[in-house]
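Peer 1: Below, the features straight out of TrEMBL:
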type	residues	note
COMPBIAS	616-633	compositional bias 'Pro residues'
DOMAIN	512-547	domain 'EF-hand'
DOMAIN	548-583	domain 'EF-hand'
REGION	601-633	region 'Disordered'
Amino acid sequence: MSWVRFTKTGVAVVATSAAAMLALDMTNEKRFQRACRHNLLEIAPHLSSPLPIMLPIYKLWQVPYYWSGIKAYDFVSGKRVLKNSFFISKSQALERFPMLKNESLKGALIYYDGQHNDARMNLAIILTAIRHGAACANHVRVERLNKDETGKVTGAHVRDMVTGAEWDIKAKAVINATGPFTDSIRLMGDPETARPICAPSSGVHITLPGYYSPSNTGLLDPDTSDGRVIFFLPWERMTIAGTTDAPSEVTLSPQPTDHDIEFILQEIRGYLSKDVSVRRGDVMSAWSGLRPLVRDPNKKDTKSLARNHIIEVGKSGLITIAGGKWTTYRHMAEETVDKVVEVHGLQTVSGCVTPGLLLEGAHDWNALQYIHLVQDYGMEVDVAQHLSSTYGDRAFVVARMCKMTGKRWPIVGQRLHPEFPYLDAEVRYAVKEYACTAIDVIARRMRLAFLNTYAAHEVLPDVVRVMGEELGWSSAEQRAQLEKARTFIDLEMGQMAKQTAVSNAPLNLTKEEMQRAKERFHQLDKDRKGHITVNDLRKHFREHNQKIDERVLHELLNEVDLNKNGEIEIAEFFQLYSGLKGGQLTSNRLVGYLDEIHGTPSVNRACGDKKKPEGHYPPAPQAPPPPATVFRK
């Protein structure tokens, strides 16, 4: 078995000391990453853009320390630097990031990094490859590698995970580029000699409302309580925060834990103003991603992890590319293909052609394209901006698939959810781009599951209906797709972790609040059964002349039914109100309806660090005087 480790220039470097080698390697690495980042901005400008990142400074000695490091980062980038970094004063930092904690703040450093739509970038690469002659398949799993009589890999036996069909694929060479699943394929190729090299690491991220950060500036905390780096970035009109870093098992369904979510929230609290109440209930979504870190086989210490990618040529001829990162994906692919050509003696027409090759949607795109969508098709501005920044010049194809709304404005573009710019036409377009399941759409095309789990649940029926029309799903298949997608949202997108946080939170209600909550419970449970059913909710709303859709009734019950037995028990009712008071929940629709019907709320809600007196509620604000009594100068 032979291992290949490349330098970025392809040149072997000899240094007189380990420190000199490390410094040279780090400098070359930063320069190379900046070049790759610049390439991403060129080949997919609609999907990637520079983002200013703020590094707040609370100790004077940190100013020259971080300043020198960031300026060295700019220097090694040369002409490829996105924008030069700079220092700003305390007042400028607070003006740019008003939510920042101002106590002891000395100022901040601003540097620029690249931000992109990772899921759409992945799809753009696949679609571009298809347009250049590649054959791609979605939801297909390798069952085994086929070999000839000498033990050399000649292809793979695969299975379609949607239809169950199986077949063989013949190939002159097979490349293993499977991320955290690297070792499972390596063992198929060389079961006797392959030793595990992948060390998956779990990183949890959370999504918070957009008001947690300014729309054009991110925040980086390089010195958390346990030494990990926490970032705080604007993303899709929301705020994304993370990340944790812990060893993980390889799984197709990584799940965030409430412990990791609380760690991120606690670190955020240390950097934001005390006037901003960072609540567990503000977490709209949470997920865990697996980083496919690899052990460096050239080091005796098997625990050492390689910072870059590694290419392995197995005895069976299987080529494995492992490690690396998003920024350097194109160069990783180039080096891997070069190694395949070398090892297997393949003939090529020319050298690598991918540097500067525009990806799907980039050819005729420009930053003002969304205005044409508004003017030519009658779309809302935020919808047009979303389509332009997601599909590039293919946004016009999606626009032509939109149906009339029947309204004066917008003329076309039926939203799936009123809070987000996603359209029902995008579901149909996603099917044309190889989406096979409802999860493909809500998570890997629209990102709604990553932005707001409640909204993702709410749009699922419409997503499944549209996909059913396009793919000819039976009623049974549509129900199965709904169930799988709901399970995905609950387990992998943090919805269950939020319910766990509410369930595990200690009851913090006073006797008076518990009594009022109990009275509310009995207003619904008039038969004193000890639980509330959908029929109880339906009857209560009818008695108070409230017309509630049947689907909404089930949603109201499900949001409070923590143990998922189809009923709301008194303990769950207490837990609901306790969660609202403690901040594990920010709102609840059932409580909102009850407050609207019966008036005075049952508990004080969590709001900042200042607690209201128990059992005391301020009087309702006075109505403004009539216009005739308003005096103007």
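Cβ coordinates come from backbone N, Cα and C, glycine included.
Those TrEMBL annotations? Automatic predictions, nothing curated.
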Peer 1: What average pLDDT is reported by the model for the domain 'EF-hand' (512-547)?
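Peer 2: Reported value for the domain 'EF-hand' (512-547) is a mean pLDDT of 90.
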Peer 1: How do the residues of the domain 'EF-hand' (512-547) split into helix, strand and coil according to DSSP?
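Peer 2: Across the domain 'EF-hand' (512-547), the residues distribute as 23 helix, 2 strand, 11 coil.
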Peer 1: Let's see if you can do this one: DSSP helix, strand and coil counts over the domain 'EF-hand' (548-583), in that order.
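Peer 2: Across the domain 'EF-hand' (548-583), the residues distribute as 24 helix, 2 strand, 10 coil.
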